[in-house]
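K.L.:
First the structure, which I've put down as C-alpha cells, then a few questions once you've had a look.
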C-alpha cells in the first residue's frame, strides 16, 4: 500500500511540473489542459442557464414586472431600502457587496498582470504564449464573475439575484479548488513546490480573496425567505433562512435551545416555525395525485408510488450515504500511513505526516457532516411520509362504508355460522374505544375528490346490471358483511382465528403501528441497496491492498457463514410473529376491558378480569423471553462473524502467506473489519424491519384499494361512469323507487355447511316512496326492522341495488342536510361548539335552539354553562342531554332537510312533549322537511303529515296517513294505544324550565383533565419502578450485571492490545522466530472468553427485565381496575389504554434495550479512556475536558429534547382522537357535508405534530454534530501528539489511536443512549402516574360476607347522602326507604333528579354517607367485589364485548346453555324472531365490539338476559328498556314478573308509566330527594301528588288505575 501511495505522489509531482513547463511552451493543445482554465469552462453553461432562466421569468412575470416598475418609478426615495429588502436584509446585502469587491479585486489583479507581462511576452516570442492565454482567460473569468456579483446585488428579482449569487460563488469556489491543488498540495509532499510560486505574495493574496469570496461568504451568507406558495406566505422558518454553514452545523437552532434551556417547560408556540415545504398542504399537492386511489388509478405497489413521490429525498440519501462511505476510509488510510511512518523510525516519506493527520481529522469531519445530513434527509423523509400517509388514510376513511366488523369471512367460512342479528340502527356509530394516545409518533392529506360537495345531489339511478356489481371488494377485514357471524360450538378455537375488529381500531393501527414501521423505510432501503454494498466492496479492496489475497479468504468466510444469521433471523421472525399474536390478544383483551371498565366495576368482576389479564401477560412474556434469547443468538452471531473473518484472514496472511503482521497492517485492517462488523450487524437488523415495512405498506395499500366505499366514491374509483340521472319528473323529490339496499356489496345470503344462513339484512322498497317537502314524516316499525336503514339509504350510506329500469334514490343536497343519529354523536368539545358545528354564531337563533331543545335548564346545572366540555364520548352528559344536543345541532343548522333518528327515545315524557310542542312546532322548523324515526308514535302523531311503517322483513308495510298505517299494522296500533296511556299534560314551563337549588349545580366546565406531563428529567421513582423490580435484591443484581460488562469490555480491550503486541514481535524478532500459532491461539481464546461473558451477562439481564415487566403490568392493571368511577369519568379511555398497551410495550422493548445499552456503553467508554491514559497519561486532562464539554452539550440537549419529546407524544394523541371522532360520526359528517372542515382540522393537527417532530429530529442533529466535533478534536490532537511528541512504539501508538477513535465514537452514542432512556423513561413516568391514582377500598378478610349471604333481596336505606367527589355538591340528600324482599319498586323523576346517582350509591360507586343494609348486612362493611357481585344493574347504555353471545352472557363459563337460553327467553329475545328462522340470533352468534352489529334495543335485551343469568337477589334496571318498542317492553316486564324468583327485589328506573305502574311501590325523586314513596294505589289518592297528576291527565287513566289497584289487591 505504501508503494502505491509513493507512486501516486510522484505522479502528482510529474503532473505539476508538466503544468509549470507547459506555461512556457507556445500556445497549443496543451494550453487548454492547463488546470487554471478549468474555472473558465464553467462560464458558458453558467451564462446559458442564467439567460434561459431570465427569459422564461420575463415571459412568465411580464405583467407583474410592469406593475412593479410603475410602483418603483413613483417612489425613488425608497429604492435602496426596497432593494435591500428584496435581497433579504442588511446581512445578505453586505455579504454580496463584499463578494463583489473581492471578485473585482481579483479581476483588477489579473488585468494588471496581463498588462504588465502580456506585452513583453508577445514582443519576446512574437506570438501569444500559453501564459498570455492563461492571463487573458483569468481576466475573462473574473470579469464574468464580477458581472454576476454585481447582478446578485443590483437585480430586483429575488430569484434571479439568488441564482446569480450561486453561479458566482460556484465559479469562485472552483477557482479556489484549482489553486489549492496547484499551490497547497505540493507543500504536503517531500520535494514538491507551489506551481504558481513565481507570483510571489500575489499568489497568497489571490488565494485569500478566493477563500473569502468563494468559500467564506457563500458558507456564512443567510438565505432570503422565498415562500413555496407566493400567494400564501407563511412565517419564515429559521431553517429556510439559515446559511450553508448554519445548516451544516445546525447553529440556527442555537437561539431556540439557549432560550428553551432556561424554561421549566417548552410550549408549542416556542418551537421553531415549520418550513413551507413541510406543511401538509404542500405535501398533499405533491403526493395525492400519485397516491390517492380516487385521483390515481395506478395499481402499482405502494412502495413504488412512494418512491415516485419522494425521489428527490431518496437521491439525496443515496448521495450522502456514498459520501459518508468514502470519507469513512480516511481514518484507516491515515492510521496505516502514520504507523508505517513510525515503523520506519520516523524516516522521511513521500507525503509528510501532517497531511495524514489532517486527512484523519478532515476526513472524520466530512464523514460526520455526511452522516448527519444523511440522517437529516432520512428523518425529514420520515416526517413527510407520516404526514402524507396519515392524511391519506384519514381522507379515505371519510369515503368508506360504515358497517359492523365481525370476524373475517374467510375465517367464518371455516366455522359453522349460526346467525346474526340485523344491523339497521347503529350504522352511524362505531365507538372510539380503540383510540390510543402517545403512540410513537411517528405517525394524511387532502385530495380534491375526497368528499362529496354539500351542494351536490346524492340522487342516483343505475340501470340493472350496470355498475352496481362492478368493483366488488375482496374479502378483507373491512369488507365484512353487516351481519354478525357465529362460531361452531365444536370448534372453540374459531375465536382465535377471527378476532372481532373495530374499524376505528384498524385505522388507528394503520396510522400508528403500521406507520411507525415505515418510519425509517427510506433510510433502510438506501442503506441496504446502496450504502452497504458500496462499503463492503471498498472494504474488500482496501483489505486486499493491505493484506493481499488473504482478504479474499475473509470474503469467502463471510459468504459461507451468511446463511447462519439468516437462519436465526427466520427463527426470530417466527418467534416475533407468535409474540405479536400473543401481544395482540392481550391488547385486545385490555382494550375491551377498558372500554367496558364501568360494567366490570358495577358487576364486581375486577379479580377475575385481573386474573385473565395476568394469564394473557404470562403467555406474552413467554414469547418475549424466547424472542430476546434468539436476539441474543443473532447478536452473538453478528459479533462472531467479523471475528471469524478477521481470524481467517490473519491466519492465511501469517500461516500460509508467511507475511509479517505489522502494526500498520493490524490496526488499519481492524478499523476496516470494524466497518464490516457494523455493516453486517446493521443489515441483519434492517432486513426484518424492511420486511415489516413491506407488510405495513401492503396493509395500507389494501385499506386504500380494497376497502368498500360508499357508492358515490366506489363507482368513481372503479372508473364506472354509468350513473343515470333521476327522471325529470322526480327532480328535487326525496324518495326511492324499486330498489334494494344492503350494508355491503357482498352481503348476499349464503348457505352454510349445515344449512344455517349468514344473516344479510336487506332493505326493500318495492314501489315508490316519496317524502313530502316541507312536512314532517314519521318512520315507524318494530325493533330491528330497518328504520335507520331507510335514512342511511337516503344518505347513500347503504349499497344501492336497482330492482328495475325505473329505479332511483334521490336526496337533494342543494339546501343542506342535517342528521341526528340514534346513538347521539358528540365531539370532545364544548356544548356550544357541538351545537354550532362550524356554523356562524347567531345569538338569537342559538338562544331559540337552546329553549326549543329544552337545554337551558341543563346548562344552568353546569358552572361553565354552554362552555362545558362534554368529554370523551360525551361522558359528562346524560343520554337525554346528548340526544338533545344532537337535535339542537340539526335544528341550528340552516339545512332544509332534517333526518332525525329516534331522538325522543332517551327522553322522559315531559321532555319529549316539550320537544314536540316547542321544537317540532316551533318557528325554526317551519317549512323545513323533517323525516323522523320514532317508537313514540302517539306523542308525535298530531304533527305527522306522512307515516312510513316498516316490517321485520325490511319491507315497507304501508305509507301515507297514520290512520292508514294503523289499519294495516295491528302491532303498531296496539303500541300506539299503549303509548297514549303514558301521555300526560304536564306543566312544561314549570317542569322543564324550573331551576334546581344552586347547591345542586355541577362543577363541570373542564371535566377532562389535561394529559399529565412531567417536567425536567425522569424522576428516580419512575426509574426505580423498572430497576427495583428486576430482582428481590436489586443492588446485588446490578453489581453482578455491571461486573459482567466490565469483564467483557476488559477482554475486548485486551484483544486489541494483544494483536498489537503480536505485531510488535516482528519489530524485535526475525519473522521465523515469531510463534504465530501461539499468538493466534491466545487471541482466539480471548475472543471466546469475550463471547462467553457477553452471552452470560445478556441472559442474566433478560430474565431480570422480564421479571420487572411482569410486575409493572400487574401493578398497573390492579391500580386501574381498582380506581373510582369519578377518576374514570374524567380520564379518557384512550389514555388508560395507551398506558396498558403502548407504554407497557415500551417497557418490554425500548426501556429494556435502552437500559442495557446505557450500561454497556458507559462501561465501554470508561474502559477506553483508561486504556488511552495508560499509554498516554498526559491525555487525562484532554479526556476530562472532552468529557466535560460533552456532558455540557448533553445536559443542554437532554433538557430541551426531553421537553420536546413529551410535546411530541402529546401532539400525536389529538391526531388519533380526531380520527376516532371523525370515524365514529362519519355518517353525520357526510350528511352535513362537513368533510372539508374535518380535513382542515386534520391538516392543522398533523402540521402541529410535524412541527414538533421536525424540531425533535433537528435537535438530535444539533447534538450529534457538536459531540462529533469534540471527539474529532480529541482523536486528531492525540494522533498529532503520538506522531510528533510521544516515543511510543508503532503497536502501542496503533492501540492508543484505536482506543481514542472508539472513545470519540462512543461519546455520541452514550449521549444518545441516555437520551433514549430519558425518552423511554417517559413511559415509566406515565405508568407511575397511574399507580398513584385514587383507589376504592381494597378487599379485607373482615369484609368477606357469610356464605349464605344474600338470602333475600331486602334493602334498608337510612339517611343516604352521596356526592361524586369530596369537594363536589351532594347529589342525594338523606334519602331513606325500605324495600322488602321480592318487591318491585319503580323509580321516576326528571333528568338530573338523582335516579342514576341512587343506583350508583347502592353499589358504593360514589362517595356516600348514611346506612345501607342489604339482607341485614351493612354494605359499607362488605368488600366491594362481594357486594357488586350480588347486585346486578342494567345501565341505559348497555356494554357488550366482541365474541359470541354465549361469552357475553356467561364470560367465565359458569352456566350451561339451557340456563342461557332461558335467560334469553325471559328477556324477550325470542319474541323478536321466529324459532324456525335459521338466521335468528343464537348463543353462537358473533357480537361485534360494543355490540356494533346490533340495534340499541337488541343490546338492551341481551344486557337484560345477562343480568337474569347472574341470579342476583337485587336487580336494578336503569332505563333498561328505553330503546325497545312498547310491545316488546310489555313482554319483558311480564317475563320479569313471572320468571324471577319471588325473593328477587327489582328497582326499575323508567319514564314509561306502564313499565312501573304495576310495581309494588313507586319512588318519585326530585333534586336528590324522595318527594313521594309508597304503593301506587296510595300515591294515586294524594291530592296534587306528582304521580297522580301524570295519571289523571293521561288519555287512558282507567287502565293505569286498574294496574295500580290490581297490584294493591294482590
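If you go along the chain as it appears here, the first residue is 1 and each next one adds 1.
Placement of Cβ uses the backbone N, Cα and C atoms for every residue, glycine included.
TrEMBL: automatically predicted annotations, no manual curation.
Worth saying up front: this structure is predicted, and the values here are computed from it rather than measured.
Residues or ranges marked as transmembrane segment in TrEMBL: 91-112, 132-156, 163-181, 201-221, 309-331, 549-568, 632-654, 1080-1103, 1163-1180. Per TrEMBL, domain 'ABC transmembrane type-1' is recorded for 317-692, 1046-1318. The annotation region 'Disordered' is assigned in TrEMBL to 405-501. The compositional bias 'Polar residues' annotation in TrEMBL covers 416-430. Residues or ranges marked as compositional bias 'Basic and acidic residues' in TrEMBL: 436-449, 475-498. Per TrEMBL, the feature compositional bias 'Low complexity' maps to 450-464. The feature domain 'ABC transporter' is assigned by TrEMBL to 734-978, 1355-1592. Positions annotated as coiled coil by TrEMBL: 962-989.
Walk me through the surroundings of each of these features.
P.N.:
Cβ atoms under 8 Å from those of the transmembrane segment (91-112) belong to residues 83-84, 135, 138-139, 141-143, 145-146, 149-150, 152-153, 165, 168-169, 172, 202, 205-206, 209-210, 212-213, 217, 220-224 of the same chain, restricted to positions at least 6 beyond its ends.
Within the chain carrying the transmembrane segment (163-181), a Cβ under 8 angstroms from the stretch's Cβ atoms is held by residues 35-36, 38-39, 42-43, 46, 49-50, 53, 96, 99, 103, 141, 144-145, 148-149, 151-152, 155, 196, 203, 206-207, 210-211, 213-215, 217-218, 221, all 6 or more beyond its ends.
Under 8 Å from some Cβ of the transmembrane segment (201-221) lie the Cβ atoms of residues 91-92, 95-96, 98-99, 102-103, 105-106, 109, 113, 165, 169, 171-176, 179-180, 183-184, 194, 243-246, all in the same chain and six or more residues away from its ends.
With a cut-off of 8 Å between Cβ atoms, the residues of this chain six or more beyond the transmembrane segment (632-654) that come close are 543, 547-551, 553-558, 561, 564-565, 568-569, 572, 661, 669-670, 673-674, 676-677, 680-681, 684, 1076, 1080, 1083-1084, 1087, 1091, 1094-1095, 1098-1099, 1102.
Per-residue confidence over the coiled coil (962-989) averages 54 (mean pLDDT, predicted model).
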K.L.:
Please give the sequence-distant neighbours of the transmembrane segment (549-568): residues at least 6 beyond its ends with Cβ less than 8 Å from one of its Cβ atoms.
P.N.:
540, 543, 630, 633-634, 637-638, 641, 644-646, 648-650, 652-653, 656-657, 676, 680, 684
K.L.:
Which bits of the chain, at least 6 residues beyond where the transmembrane segment (1163-1180) starts or stops, bring a Cβ under 8 A of a Cβ in it?
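P.N.:
Result: 1042, 1045-1046, 1049-1050, 1053, 1057, 1187, 1278, 1281-1282, 1286, 1288, 1292, 1295-1296, 1299-1300, 1302-1303, 1306-1307, 1310.
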K.L.:
If we skip the immediate neighbours and take only residues 6+ beyond the ends of the transmembrane segment (309-331), which ones have a Cβ under 8 Å from one of its Cβ atoms?
P.N.:
286-287, 290-291, 359-360, 362-364, 366-367, 370-371, 373-374, 377-378, 380-381, 384-385, 388, 522-523, 525-527, 530-531, 534-535, 538, 542, 671-672, 675, 1301
